[in-house]
C-alpha cells in the first residue's frame with residue numbers, strides 16, 4: 001500500500017527506468033519517463049534485419065540471463081514471458097567450436113593438449129600435478145577468451161600467487177570431463193570448493209565471478225528477442241514516455257528537483273516533486289549538477305565503466321552448421337575475440353545471423369574507435385580466417401555493429417568493479433544508490449550485479465522502496 005500519491009519523473013527509459021515506472025504506477029503514483037535518445041530499452045538493443053516478426057535479428061546489447069539472476073527471472077515471469085526463456089549456448093558449450101592457440105584454430109574438443117603445453121611452459125619451474133596443470137590451462141583459456149586486453153596479463157601474474165598451490169592439494173579427479181578426460185569442469189569445481197576463491201589475489205578474485213557467469217551452462221535468452229522485455233514493460237506503463245528529451249542539468253532543491261530538458265523544440269526547466277535518475281554515471285558526470293553532496297559528485301565521477309563492441313553479419317545461410325558447429329561461441333583471438341552462433345529464428349530463407357565479434361574493454365575500444373565501414377571490414381577479414389566461408393560471394397548480406405563505449409547515451413557498456421573486495425564493492429553500490437533529497441538513483445551502476453539486466457531490475461526495485469519510504473535527505 002502506497003504512503004501517498006506522488007508525481008515522479010523518471011530520467012532514462014532503459015530497463016531500470018521502465019521497471020521503476022511500472023512499479024511506481026502499480027503503487028498508485030503518477031509517472032512520466034524522459035528518454036534522451038529516440039529508442040527505448042537502453043543497453044537492451046535487439047536489432048532486426050527488416051520489418052515483421054519473421055526477420056533475423058541480433059542482440060547488440062544484453063543477450064543472456066543467468067538462471068541465478070532471480071530479479072530478472074521473476075520479472076520475466078511477472079510480464080508473462082517465462083515460456084520464452086530458452087537455453088543460451090555460450091563459450092565452450094559446443095565442442096565443435098574453435099579456440100585460438102599458438103597452434104592456430106583448434107576445435108574445443110581437441111584444444112586440451114595445446115592449452116596444457118602452453119600453460120606448462122608458463123609454469124616452468126613449478127612442481128605441479130598434471131590435473132592442476134589442466135585446471136590452470138582451462139582457467140587461463142576461459143580468462144583469455146573473456147578478459148579484456150589490460151586484464152589478460154594480470155591473470156597470469158595472479159597464477160604465480162597461492163592459487164595453484166591450494167588447488168594442487170585438492171582431489172581434482174571428479175572435475176575431469178570429456179571423452180578423454182582432458183577438459184575441466186570449472187563450475188563444478190568452484191561450487192564444490194568455494195574456499196579456493198579466498199586464494200585468488202588481485203583482479204582474479206573478482207573476475208572469477210564473470211568467468212563462471214559468462215561460461216555457465218545455466219544461461220538463458222528470450223526466444224524472439226530480448227526487446228520483448230522492453231516492449232512488455234512499455235505496454236504496461238500508463239504515463240507518458242517521451243523520447244528525444246535530453247537532460248542537460250539537474251538542480252536539487254529542498255522541496256523539488258529542477259531538470260533542464262532539450263526536446264528538439266527548445267529548452268525547458270521542469271520542476272518535479274520527485275525525480276528518479278537512471279542515467280548512467282558515465283553520462284551523468286558530463287551534465288550540470290547542482291545541489292548534490294560532495295560525496296555524491298565524487299562517486300558519480302569515480303565509477304569505472306568498461307566498453308563493449310559487437311559486430312554482426314546477416315549471412316545467406318548458417319554455414320557454421322555445415323562445419324559441425326551447432327551454437328555456442330568460438331574464441332577467435334586477435335581483434336575479434338568472441339564469435340557467437342545464435343539459433344536461427346524466423347524465416348530461414350531470410351538468412352541467419354553471425355555475431356562475428358564481441359569484444360570488451362580495451363579490445364572493444366580498438367574496434368569501437370574505427371569508422372563503421374572499417375570496423376566491419378576488419379572483423380570480416382579476421383573472422384574469415386577462422387570461417388573462410390564468409391568470403392564466398394553473397395555469403396554476407398549485410399553488417400551492423402554497436403560500439404557502446406562510443407555511444408553518447410551510455411559512454412560504456414557497464415560498470416566494472418574488478419580488483420575490488422566485497423566491502424569496497426558494497427561501499428560503491430551504497431554511495432551510488434543513496435538518494436540526494438528528492439533525487440533518487442537506479443541503474444546497474446547502483447546495484448550489486450553490475451553490467452547485467454539483473455542489476456537494473458534490482459536497483460529499480462530498491463529505488464521504488466526508497467521513494468515509498470521517503471528516504472530522501
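The backbone N, Cα and C atoms fix where each Cβ goes, glycine too.
Tertiary neighbourhood of the signal peptide (1-21): same-chain residues 27-36, 40-44, 75, 229-230, 233-234, 237, 239, 241, 243, 247, 257, 259, 270, 272-279, 442-444, 446, 453, 456-457, 459-461, 463-464, 467-470, selected by CB-CB distance under 8 Å and a gap of 6+ residues from either end. Residues annotated as signal peptide in Swiss-Prot, with sequence analysis given as evidence: 1-21.
Listed in sequence order, 14, 15, 61, 62, 404, 410, 413, 414 are the same-chain residues at least 6 apart in sequence whose CB falls under 8 Å from the CB of residue 43 (FAD binding site). Residues or ranges marked as FAD binding site by Swiss-Prot: 15-16, 35-36, 43, 61-64, 444, 451-456.
According to DSSP, residue 15 (FAD binding site) is assigned to a helical segment. Counting every protein chain shown, the number of other Cβ atoms lying within 10 Å of the Cβ of residue 455 (FAD binding site) is 26.
In this structure, the binding-site residues 15, 62, 451, 453 were compared by how many other Cβ atoms lie within 10 Å of their Cβ, and the smallest count belongs to 451.
Fewest Cβ neighbours within 10 Å among the binding-site residues 35, 64: this applies to 64. The DSSP secondary structure for residue 455 (FAD binding site) is helix. In the three-state DSSP scheme, residue 35 (FAD binding site) is classed as coil.
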